[in-house]
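Enquirer: Pulled these from Swiss-Prot:
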- His57, His61, Cys127: Fe cation binding site (BINDING)
Amino acid sequence: MTKEVIVESFELDHTIVKAPYVRLISEEFGPKGDVITNFDVRLVQPNQNSIETAGLHTIEHLLAKLIRQRIDGMIDCSPFGCRTGFHLIMWGEHSSTEIAKVIKSSLEEIADGISWEDVPGTTIESCGNYKDHSLFAAKEWAKLILSQGISDQAFERHLV
């Protein structure tokens, strides 16, 4: 018999969310009391827009560095297959507001303060698809996302 599972992201009604936002998906508690928080970092409106792979790939590499510079406990930040944002997995309890501020600050640096030399993991040795990057696209997307504001709520706009 196959175990029945529910994947939260497939239960989310993508037609009523209002991107850009940060949403707490879940807090998971380990057997020894460890807490892991999972966030939906939605940068563009689902089914209306998507970030092309080169820009998203560069944003991914930059967020891997910039988030860790701003907050402790980041485990992983991985892009959604639909290319509308990222899953952010963190050790410990964190609020959507706290994470939204970190994302906003990180995007501000991408938009205004990053040069190609600042992008980590862009060589054949350090990246599995090193030719598929675009700092230009990453900067343009960061500017567009910031112009719309980052919300700490998914279903109504509450900007941080």
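Placement of Cβ uses the backbone N, Cα and C atoms for every residue, glycine included.
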Enquirer: Restricting to the same chain and to sequence separations of six or more, state which residues have a Cβ under 8 Å from that of Cys127 (Fe cation binding site).
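Expert: Set apart from Cys127 (Fe cation binding site) by at least 6 residues yet with Cβ under 8 Å, we have His61, Gly121, His133.
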Enquirer: Of all the binding-site residues given, His57, His61, which residue's CB has the most CB neighbours within 10 A?
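Expert: By the 10 Å Cβ neighbour count, His57 comes out on top.
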Enquirer: Could you say whether, by DSSP, Cys127 (Fe cation binding site) belongs to a helix, a strand or a coil region?
Expert: coil
Enquirer: Excluding His57, His61, Cys127 themselves, which residues in that chain have a Cβ inside 8 Å of the centre of the Cβ atoms defining the Fe cation site?
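Expert: These residues sit around the Fe cation site: Thr58, Glu60, Val119, Gly121, Thr122, Asn129, Tyr130, Asp132, His133.
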Enquirer: Using DSSP with the three-state reduction, classify His61 (Fe cation binding site) as helix, strand or coil.
Expert: helix
